[in-house]
């Protein structure tokens, strides 16, 4: 019995004794505790009001009491005469849930228990008692009445799990904690009814009867299971099945049972061992990634765990890494593979040393013995191997023009079996090559020609076959790729070879000179230009614009007139080729815009010394230009008169046979129907901005001679004797016919370049103007017979 219960009983006895010691008006039942909370005796025997802080001691009653109803206590008040006081009781167990446990006699104040109590459901009740007069008025303040239910050991302990599962490492030392089991008891934890005690009442090994020792123990109060002895070995037993008991009343009361299964967890305490330790296999040469054979090692640790799975390592006998030993995950065997082709002619037999170890490191509790090893002997089987080229494709670089018979390549193939080889050409579209059938030496069968139609991107391709002389003849084929290298065959060519510059160095940008080379890179640009004669450098200089263009400029002012300038140009080839050219430069008087003045003024100002015939030709050209201007002006004035339709209807001649293009004098830069200056430019030429802004001669391209070849020597000085003029003209005509840089022989020569912005219209074609279909040209008939043909032309459409 607890101390609190005893204290409550003592207080109750004291109160009862006090009640019985006071005078009584009426004999009361001695078996029932009578409480008078509303009065208290004094030394004089008088009555007075009880203090409000006064508390009635708790009333104890045991649970599970079957003597129902049971009278617990009686409350009385002396405030009124007996029969004139009404007693009331309220609170949980009376008029509140759970209802119906207690009741009070309204007249006598007797409190009665009406039903059996269960401490696990309700451990105590707090009620309030009232004393009322007959009118229902309270005689005193309510009094608190506490009823405590005393516990009885009526509940068994219960394990929290029906079965406990745990593990322990094999070879664990005694005292190693395995797991903890727990149980609960619904009885009062303040009493012995809920004090539990654990114990192991039975131990069975799995499989049974493998161990006779008591291997596990349990802490009585905490339920912790621990090891008690040595000898836990997973290779001998799988685990243990323990029967557990728990009892309340410190092990003397009610009991309950459960089961604990403890499995022994394997550790890597066993190293793998080879059985047997020697193996012999054969492997074919020249093959890879195939299985040679299997080797065996055993491990008694738990299967399919890192402690059981084996790793095989080759520690000797394979310096070049031809072999690999892989583990079969199902059987734990070692599979020997050839991962790199073998060569019978190099090594005919291998002796490998292979070791075995587990994936998990070996436990310190395992026997300390060396790693198990085995010897694997592999014999290489010989096979007839095909010959092979040392490189495929065989890449050769040969300069163009290489003569016939030149050796291009040697020692191009080999045979692994060291047999005699034979060579022959399988494909050679241009018959460039010859090959020695025994040595495989490749020679040029003809001169290497860069213009061969069989070149693709400067590469010539052929095929050579090699075969051995063994019984099982094997062959191989290789492609020969010959890259034809460019040689420096041609010097660069300068153009133009004539031009004009302003006599004042401050005006104009000089004469732009370009160079081209028929050779390809790296034998072409950049080009290097130099003035050939030192005395010329006093007045002239070359300014580099880019790798292909320079500007010929004056250093100081010179008189107008022609000046032959010698310029040497060199390419970037190896060896370097250069050429010397004479550039005929006309120094002229320029206007503020840097353009040369009128042709006659420049000629007379410069005292060029032209012959009389040349001057007459120039004057005739000017006269023809003026006449053309007058015709255009006249047509414009008469344009308003209607023209007849069908001017060409009465003529049998084709307009193309009657309208002749005698000269290119009137068009200037706007005349695009004659010759285009851009036709002289190389399509691949990059003209600098400065060069593109300079005036350039307008002349057509030659089609009867190569373009931009050096010009022949022209007669420089006119004859002094008039009888030699014919010879002078014939010599100039013959030089012009052989000059690739002048207009074709069947075109009119360009005598001058008018310049941009000419006021005269184009005379390259009469029909090149805008459509005149809506014009009337009848007025041309009134101009006389000279214009009748022109009127007939415009009358036909």
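Yeah, the Cβs are placed from backbone N, Cα and C, and that goes for glycine too.
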Feature region 'Disordered' in TrEMBL, mapped to one of the ranges 612-632, 633-653, 654-674: 654-674
Where TrEMBL places region 'Disordered' among the ranges 566-605, 686-725: 686-725
Helix-strand-coil residue split for the domain 'Cadherin' (160-274), DSSP-based: 6 helix, 52 strand, 57 coil
